[in-house]
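Quick look at what Swiss-Prot lists:
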COMPBIAS  1-24  compositional bias 'Basic and acidic residues'
COMPBIAS  375-385  compositional bias 'Basic and acidic residues'
COMPBIAS  411-421  compositional bias 'Low complexity'
COMPBIAS  466-478  compositional bias 'Low complexity'
COMPBIAS  482-491  compositional bias 'Basic and acidic residues'
COMPBIAS  623-632  compositional bias 'Basic and acidic residues'
COMPBIAS  633-643  compositional bias 'Basic residues'
COMPBIAS  656-680  compositional bias 'Basic and acidic residues'
COMPBIAS  731-742  compositional bias 'Low complexity'
COMPBIAS  797-807  compositional bias 'Basic residues'
COMPBIAS  824-836  compositional bias 'Basic and acidic residues'
COMPBIAS  850-864  compositional bias 'Basic and acidic residues'
COMPBIAS  918-927  compositional bias 'Basic and acidic residues'
COMPBIAS  933-948  compositional bias 'Basic and acidic residues'
MOD_RES   Ser29  phosphoserine
MOD_RES   Thr445  phosphothreonine
MOD_RES   Thr646  phosphothreonine
MOD_RES   Thr808  phosphothreonine
MOD_RES   Ser839  phosphoserine
MOD_RES   Ser947  phosphoserine
REGION    1-50  region 'Disordered'
REGION    342-517  region 'Disordered'
REGION    556-579  region 'Disordered'
REGION    606-864  region 'Disordered'
REGION    918-948  region 'Disordered'
REPEAT    57-86  repeat 'ANK 1'
REPEAT    90-119  repeat 'ANK 2'
REPEAT    216-245  repeat 'ANK 4'
Amino acid sequence: MAELEHLGGKRAESARMRRAEQLRRWRGSLTEQEPAERRGAGRQPLTRRGSPRVRFEDGAVFLAACSSGDTDEVRKLLARGADINTVNVDGLTALHQACIDENLDMVKFLVENRANVNQQDNEGWTPLHAAASCGYLNIAEYFINHGASVGIVNSEGEVPSDLAEEPAMKDLLLEQVKKQGVDLEQSRKEEEQQMLQDARQWLNSGKIEDVRQARSGATALHVAAAKGYSEVLRLLIQAGYELNVQDYDGWTPLHAAAHWGVKEACSILAEALCDMDIRNKLGQTPFDVADEGLVEHLELLQKKQNVLRSEKETRNKLIESDLNSKIQSGFFKNKEKMLYEEETPKSQEMEEENKESSSSSSEEEEGEDEASESETEKEADKKPEAFVNHSNSESKSSITEQIPAPAQNTFSASSARRFSSGLFNKPEEPKDESPSSWRLGLRKTGSHNMLSEVANSREPIRDRGSSIYRSSSSPRISALLDNKDKERENKSYISSLAPRKLNSTSDIEEKENRESAVNLVRSGSYTRQLWRDEAKGNEIPQTIAPSTYVSTYLKRTPHKSQADTTAEKTADNVSSSTPLCVITNRPLPSTANGVTATPVLSITGTDSSVEAREKRRSYLTPVRDEEAESLRKARSRQARQTRRSTQGVTLTDLQEAERTFSRSRAERQAQEQPREKPTDTEGLEGSPEKHEPSAVPATEAGEGQQPWGRSLDEEPICHRLRCPAQPDKPTTPASPSTSRPSLYTSSHLLWTNRFSVPDSESSETTTNTTTAKEMDKNENEEADLDEQSSKRLSIRERRRPKERRRGTGINFWTKDEDETDGSEEVKETWHERLSRLESGGSNPTTSDSYGDRASARARREAREARLATLTSRVEEDSNRDYKKLYESALTENQKLKTKLQEAQLELADIKSKLEKVAQQKQEKTSDRSSVLEMEKRERRALERKMSEMEEEMKVLTELKSDNQRLKDENGALIRVISKLSK
């Protein structure tokens with residue numbers, strides 16, 4: 001007891017010492033030094049008892065009364081003017097609090113006194129949100145019955161049904177949503193849509209009329225950043241909203257986006273170069289208030305922002321330099337514009353002059369042709385040189401040349417000039433003045449080889465006047481190709497009716513069309529070089545200027561005699577006004593010297609055709625190998641020829657031959673003047689005359705000449721077909737050979753003029769007087785010729801397009817067909833005789849011509865014998881028993897079907913076995929997996945038990961230690977009690 005009293009005295013002493021220390025500190029404080037009046041002025045008035053009186057605001061008193069459920073006090077406060085919708089610091093009203101407290105009586109009392117059932121707190125929660133979250137079904141029903149909205153969203157974009165956890169509450173709210181027809185998605189996006197509309201309006205008006213929130217000072221940019229309205233954020237930034245605007249607490253939009261973890265909003269603000277180091281009133285940066293998972297993203301955005309800021313600075317410097325350069329270059333542009341305006345009247349005058357010269361040259365060519373190539377060059381040289389107006393703002397264009405064409409051409413020079421007049425301005429230049437260096441670079445040529453040729457030929461051209469180089473990409477090539485396709489269609493129709501011979505019309509046309517197509521594809525410089533080499537090889541002087549190297553509508557022959565020129569003019573007038581197939585049926589008028597245009601061409605036909613064939617061979621493109629098709633067609637053709645030739649020579653054939661021979665004799669008597677030597681000289685010089693435009697120069701006189709067979713075949717074909725006249729549709733040549741006068745001559749004139757010595761009527765009888773030796777020799781020659789012809793035939797058939805091939809079906813014999821075939825055979829014999837006369841020399845004798853006729857007859861008989869053997873083979877093939885073949889094939893097919901069915905059955909059996917094996921394997925694997933799963937579960941259960949046991953062991957050790965400690969304390973207390981008891 002004495003010890004306890006001693007301890008109590010010590011405690012009292014220490015308490016007195018602490019109190020004394022407090023008094024000492026009070027005496028030295030500033031409060032103790034203030035006057036007593038000031039200290040008492042700020043205190044509450046004293047009551048009677050002397051204690052101060054505390055006063056609360058009316059709103060706080062009202063909320064406290066509602067919370068306590070004192071309805072009488074609430075009525076008194078409402079009577080004194082208290083606001084029933086007053087809120088506390090969190091925005092909660094009395095209705096919110098009554099709903100949270102589940103006080104249905106107070107809820108009814110407040111609603112009856114006109115409390116707002118849709119009032120939202122600071123987080124956007126309405127009383128219905130609170131009731132749905134707490135699960136108070138009766139309060140929620142009461143709110144709904146009294147007009148509470150089920151579509152209001154809180155700050156998180158949640159409607160009351162999203163907060164409901166109990167199924168009954170969720171069903172109630174969803175049913176009400178359907179009943180009221182509320183679109184929840186639209187409700188969630190309503191705020192964003194409203195902000196989007198306002199942002200667009202501000203962007204269009206250029207004026208931002210935003211109102212800060214009264215409580216926090218937040219702006220629309222803060223709300224868009226915090227809620228992740230990316231589109232609204234972009235529009236506000238585009239409208240010029242201040243990126244670093246701060247609310248009342250100093251928070252920027254980046255603070256809000258970082259705090260609420262909106263990554264996209266942070267990226268948009270950072271890319272817009274907002275300040276990422278700005279601090280709020282508490283000294284916090286966006287990194288300090290950011291969500292933990294967003295800090296790294298903000299650091300990356302800061303690095304990216306530094307790069308963007310540096311790029312923007314360099315871009316601004318470049319823009320300033322560009323503006324300076326544009327200001328400096330404005331002066332030069334204005335000067336060049338003035339120069340351009342001065343040159344415009346000159347270009348208009350030059351266009352008018354070009355049109356006049358084009359029309360005059362076209363009319364002149366329709367009336368007559370030029371006498372030599374020099375006249376063509378002079379007219380071409382009279383045309384002004386074209387240049388392109390150059391300025392800094394216009395792209396350079398290549399110069400094109402317009403050359404007047406004949407009236408038949410669908411693409412005339414005047415239309416070409418109209419086409420190019422809108423694209424080019426052509427100021428007139430002095431003719432003796434060389435163009436400047438920068439204008440020379442605008443010339444367009446076929447290839448770089450053209451430049452050297454232009455440089456070499458510039459001096460002589462400048463003497464005659466400024467020349468125009470035609471562009472290799474001239475639009476006239478397309479017109480030429482179109483006309484060539486039309487002509488090919490007509491010729492293919494003719495060739496289908498003509499007899500199939502080695503040198504038939506269709507074959508020659510096929511070869512020449514292919515050659516012309518290849519030549520058209522080549523560039524201008526290549527063809528120009530080719531013509532130059534061939535001219536040197538023929539040793540004929542060439543005076544063609546480079547200005548007309550692709551002028552396919554103006555080529556004329558440079559070397560002609562006066563008589564040839566007259567014949568050319570006459571034939572040209574006829575060809576320009578009469579269609580091709582009509583001209584073929586009439587002889588041309590004679591010239592002043594009595595020489596027709598027909599024998600002029602008949603001298604060098606065969607030799608030139610051989611030479612042309614040898615030269616053309618290198619220009620043909622490789623073709624596909626269709627050996628099977630060619631063999632089939634050759635076999636069918638031989639069968640048809642066998643059917644024709646085995647009939648023998650009929651009376652109709654003999655009558656036709658007599659009529660032809662008598663007609664030729666009468667014409668030969670009408671032309672009694674000997675023309676052998678003039679024919680030779682004129683044929684060498686004037687044969688390359690062109691009555692239609694051609695792409696081949698004049699130096700290839702004999703090269704493009706076609707064989708006799710072409711003219712001989714075309715004459716009877718045109719007689720039979722009676723080609724309609726087409727004056728409105730000109731025939732443009734596709735190859736050199738189609739532009740030769742051989743198309744305009746009559747076949748009987750051709751072979752009549754071959755014979756310089758008149759034949760006697762005994763030519764019919766001498767045909768049958770050949771010897772056996774000559775027969776054998778001719779048969780050997782015929783075998784060689786047939787072998788060569790078969791090879792060429794297969795090559796020709798491989799080249800022929802499918803649309804031009806004849807049908808190979810069964811032919812039915814008719815009388816008309818037999819007569820036609822007979823006439824064709826007679827014409828073929830005449831063709832062979834003429835070719836022998838032609839190869840025999842320039843002065844053939846009558847006996848040689850008779851021998852050729854006999855040899856031709858012998859060859860024809862040998863051919864008939866060979867074809868007869870082929871026919872017998874075909875008949876043997878036709879005698880096969882196709883019924884047996886069909887039956888054997890049918891039985892074989894049936895056997896194969898049975899084998900196929902057996903194989904299918906075996907395959908199905910094997911598949912079923914494989915499926916069974918796979919199923920067994922799957923079952924085994926599933927059993928194994930189930931066993932393994934059970935083992936894993938048992939292992940996990942044992943591991944859990946072991947862990948629980950270990951925890952229990954730990955608790956047990958702790959309990960043991962606690963028990964030991966309690967025992968020790970108990971012993972100590974016992975000892976103390978024992979001492980005190982003493």
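Using the three backbone atoms N, Cα and C, a Cβ is placed for every residue, glycine included.
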Ser947 (phosphoserine) to Ser29 (phosphoserine), Cα to Cα, whole Å, comes out at 64
Excluding its own, the Cβ atoms lying within 10 Å of the Cβ of Ser29 (phosphoserine) add up to 9
One finds that other Cβ atoms within 10 Å of the Cβ of Ser947 (phosphoserine) number exactly 10
In DSSP terms, the repeat 'ANK 2' (90-119) comprises 16 helix, 0 strand, 14 coil
Model confidence for the repeat 'ANK 4' (216-245), as mean pLDDT, reads 94
